[in-house]
Amino acid sequence: MGTGSSFFRHQDEDDLGDGVIKRIPIEVKPRGKLGLRSVGSLGRKPKGGSLRSALSVDLENPEVERIRREFEMYRLNKENELANVQKKEQKLDTENKKLRTELQALQQMCRKLKNENDIALEAEQQALERAFTFENDRNKVQRQFKIFRETKENEIQNLLKAKRDLENKLSRLSHGLIVDDLDSGSRRSNSLDNLGGGQSGDWWTNLDSEPSMGSTLQLQTFINRGGPEFAHSIVELDGPFTNVTKDDWNAAAASLAQVTPILPTQPVKNTIRVYICANKDTLDEVKLFKREHVPELDRLVSSEGRSLVVVHIQQEDDTVPINRKLLSGVGCQVVECTIFLGFLGNKINKLAEEAVNVFLNCDNQKSTSAIFCFKAPGPKGVTPEVEQMKYDISSKCSGAKIHENYDSAEDGAKCAYVDIKSILKMELGMDQDHSDADSGFSENGGPEQLCGGLWDVHGQFEQIEALNYALSSNCQMGFEKYYERLNTHVQSAGPLPPLLISGGSGLGKSLLLAKWLELLQDKAESSGTLILYHFVGSQDSSSADPIQMTRRLTAKLMQYVSSPPTLTCDPSRLVEEFPRWLEKVSSKLPGGVVLALDSVDRFRQGEHHLKWLLDPLPVDFRVVVTVHEDTCPQSWRSWPTVHMEPHSSKSVKEIIRTELAAVEISLNADQESQVLTHCRTAATCNPLYVMLLVSELTGCTDEGGLDDTLEWVLSTSSATELYQVTLGHLQQQYDNNYGRGLFKKVLQFIYASRNGMGEWELMELISDLTWNNWVVLYKDLVDRQVVTHRGGVLTIVHEQAREAVKAMFFSGSEEKSLDKTREVLIGHFSKCLKPGKVNFRVADELPWLLRQKEDKQALQECLSNICVFQMLYGRGHCAEILSLWQYVGMDRTAMVQAYFAMNKKVEEMDILNLTKVADMYETLGRFCCDLGLLEQALTPLQRALEIREGADPDHPSVAQSLHHLAGLHGQWGKYATAEALYKQALDIKENAFGPEHYSVAVELDALAALYRKQDKLDLAEPVHKRAVSIKSKTKTSRIAPSPLNAGVQRKKALKLEDLTMNADSPELARTLNELGVLYYLQNNQEAAESFFKKSLAMREAVLGSSHTDVAQSLYNLAGLYTDRKQYDLAEPLYERALHIRRQHFPAEHPNVASVVKHLVVLYKKQDKIEKAEPLYEETIQMRERSFGVNHPSVATALVNLAVLHSQQNKYDAALPLYERALGIYEQSLGLTHPRVAETLRNLAKLRYDQGDFETAAKLYKRATEIKEGEMLKGSGRSSSEETASTMKNGVQR
């Protein structure tokens, strides 16, 4: 069994460290064996010994007792410790329960507080909503009250103005002068801008400035309105250079006014058409030109977002007579071409001869560039026909470029290429080297500049084309009654809801609107009315996007505001801010704003996006809209409405007779009776139906053909049916002549597209389509009002024509053809999804086609294409981008992430240079900022900055990135970061451009705005002043910025410079003078001075030193020196000009008066009072002879002379002048007129200086009462219309 010591035990179990035994041993040795050893035993344990003997121990042994006590003490200690541990455990359990209870109580309290917080936030939101509603209601009531007040005041002012105008007319007629009505509202508004800003007790401070001859402009109404003196055209000519005479202006600046006319009628077309005319012996030149040079020209044109179409129609057999329709089609192409190119050899065929003759005799020949390349004569020489053609070209087309006697086909093609390239660069507004295309820095930095190849960003030219097409129709019988209603609506006082023009399809609503706008234009030019319009095409077209329309119209309104903000692309902001722009601009213009919207019921979600039409409109804003009577929204039907009706039988008869007589066709009595009997229903008396019927009849060449045409035409009962029958006849004809399916494919592709198809696209898709058969087909479709050019592409004109095409080619057995046709189009446009290949056509068509196909995956891939995104964003189609991404199931955040990932992928692929990559990131950042996605905008903007800094840290493009980042941080509220970034951008631009560059002013303006946002006005003021100072020195154009006139001034200047290469002549001198005016309008004074001097020298040499044209050049050069404050140079020029004009004109002539006006101001600025005084006196005499002694303009001249005497302390001489002027004003304008108050104030100051304080007090009191009475009448336009005069620094004008 073994001993107890043999039991296994752990070393750490024997001892607790304090001599206390942890366990009781089982075996206890006897005392003798415990510590006493025998001597002989050597200390070894004795062997043997049983368990019994081992247990037989003396229990009374003290050692055992001690051990037992120790054990007992150990046990008690452990029990006590165990009890203590149990107590602690109970205590901890108690505390745990207590803490758990407290935690539950805290959790309940948190839940309670959270609920209370949610309730408070909800209550706050409700309170804010109530406050917002109350504020809107309050503002609406205030606007309505203001509108009511201003309406009544306007009625009174209009009556007073009419009275004064009649009195002025009677006065002028009594003196035998020509009455030329000027808009007094415009004159008064202009004059009020110059009111003196002095205090009532500081009159002579105000009077210490140049006396006014402004009434020469305001009241001498015999001066023909048309010069910059009246500054009333859309081209604003602010500044002192208002001394360009009427003749100067009519010759040069009047053409500039047409850059942005109220209703432009000649848009710059998106497509540049080159017509090539060639003989058989010059076909090699044509082939070389098309193969070697046309691709490069196409790239050049595409880089500006436009399309190049090269038309070449070849006569295959000279012996076969040419088809009459082909000749007609050739004539149509020649008239529409932008550049006419002729390769002419030793003889000429019939087709080429016809093309050249059409060009030489067409109306737009002078505005079309022409290049003629004559091949060197062969052994047999040239035919008499070619010699005669050379003579005709040189005599009738003096502006053509002519190359004679080139030797080889390569030489001829090269000459044509060089000339056309130069013409295209001038047409596109490019520099001749065109080296800055990839500079990577855009001064304006908008989305329009970030994407190359953009054209007509806002769709303005497309709208002009739509207006022109509507105006081209002649079917306008009975419109006079509608014109009267429209004019009444525009002229009525007070706020008015929109006027609704309602009717069925084809009744001429678009035609009525266009013709009325054309008539309104003449009145608008004299009344200062801004006309805005928008014509909607099909419901799927880009023109049916209300957001795009809103953005385009907002851009137009911004042209009438100084320093407008950047045009946003955010759809919600555009819709929200558009009514504010309307109110702001309409209140500034004398005639307000007129907005005409055609076919508004075709707008996509139009009722939602045009909700502002339901709100009270501004007083000076009028809206006219047309709708189809069946699709008009219910909320619009309460507006005043004009219902259009079909033609009467009498009108139908008159239209048919007039149109047929124009082409020398007449109907016999029986035929006319058939037509009139047929045209009795509403559908057949429809104006569109009548015009389609007439177009078919005018195409008949013989009486038999007329009977056949009448038979099938009169078998139709609506315009849609007539279209179907007409298209059926054309299809049969073209299937027989040009191959089956050609006609059908053309119309299928045009119908299946969104906005239409380009001719070059149709020829790529249809292999059988050539220019020889296309010009004939195109002419037939245009003559029958099926298709037309709009925005550079062919589109179907009327909805009835679309219905007919659909019924013929996409219904019944052809129902699936629409999907197949769109698949072909998708494949065609998908080939262009490469950098540099994506143009506006791809961006417009491909996403829309994929959505129609409902292919979300392909649509997402298309939208993710960076080039498509840049093209859409660059043209402001943000609403379309968001809508398409929403359709594929991605929100804005996911969309931005997708674009950023694609940008990274493009960057890693290394297929674009770093400049383009940085532009891509910056475009994405700006897009995010536009949409308010500030966090998402930060990363791409920072990446763009990194790339640009890595390339060149001091490049201006780095400053551009810093500017955008600063704007982002400023919008984010991180003003310190924004300030640092703005300052860094400012430093870079100052180092790159110098401290006086315009871009430096842009950064200063942004920095000043940031300071103002933080209320740091002490820092903002000096920064803003510096920016203003730089802008005042910078050569910026004086013409208001407009998408219509971008680059046009420079192009006109270049054209004029080309003319100056000829020999000296009066015409050339006039051109030089006009060129000087144009350069001045662009604020390029150095160039203007050079051309004025050249014109002056040439006129003196050719015409003599005393000719009136010499006086004109002297006058303009003097005005330029005056503008530059070089008075010593201007004075002798003015004096000499005055001397010449006095020799040729009577003293009262406007040309003499204008020189006198500016010369007297010049004398006053130089303190040459002794020279100025006789001119003031002469002015009084001139006005007395022109208007009579009691006319207000005479009083103004008297005041000017009185001011001059007062400044010299000649009070006795000034007093009778003031008193006489006061009497004239009181008699002609009334006792409470502002000019009476101004004269009283000046007279009071005179009496005060004479020491007559009592009289001065009475006069000043009366002046103050008049002024206070004016102030009580209100401010704004009503006040400005009443005030017909002003006092600039105390001087009346």
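Glycine is no exception: its Cβ is also placed from the backbone N, Cα and C atoms.
Keep in mind it's a predicted model, so treat the numbers as computed, not measured.
Residues or ranges marked as domain 'Nephrocystin 3 helical' by TrEMBL: 650-807.
For the repeat 'TPR' (1069-1102), the DSSP-based tally of helix, strand and coil residues reads 31 helix, 0 strand, 3 coil. If you look up TrEMBL, you'll see 1069-1102 (among others) marked as repeat 'TPR'.
Residues or ranges marked as repeat 'TPR' in TrEMBL: 1111-1144 (among others).
Marked as repeat 'TPR' by TrEMBL: 1195-1228 (among others).
If you look up TrEMBL, you'll see 1237-1270 (among others) marked as repeat 'TPR'.
For 1271-1293, the entry in TrEMBL reads region 'Disordered'.
The annotation compositional bias 'Polar residues' is assigned in TrEMBL to 1276-1293.
Counting residues of the repeat 'TPR' (1237-1270) by DSSP class, helix then strand then coil, yields 32 helix, 0 strand, 2 coil. Assigned with DSSP, the residues of the repeat 'TPR' (1195-1228) fall into helix, strand and coil as follows: 31 helix, 0 strand, 3 coil. Here the repeat 'TPR' (1111-1144) has, by DSSP, the following mix of helix, strand and coil residues: 31 helix, 0 strand, 3 coil. Mean per-residue pLDDT, taken over the repeat 'TPR' (1069-1102), amounts to 83.
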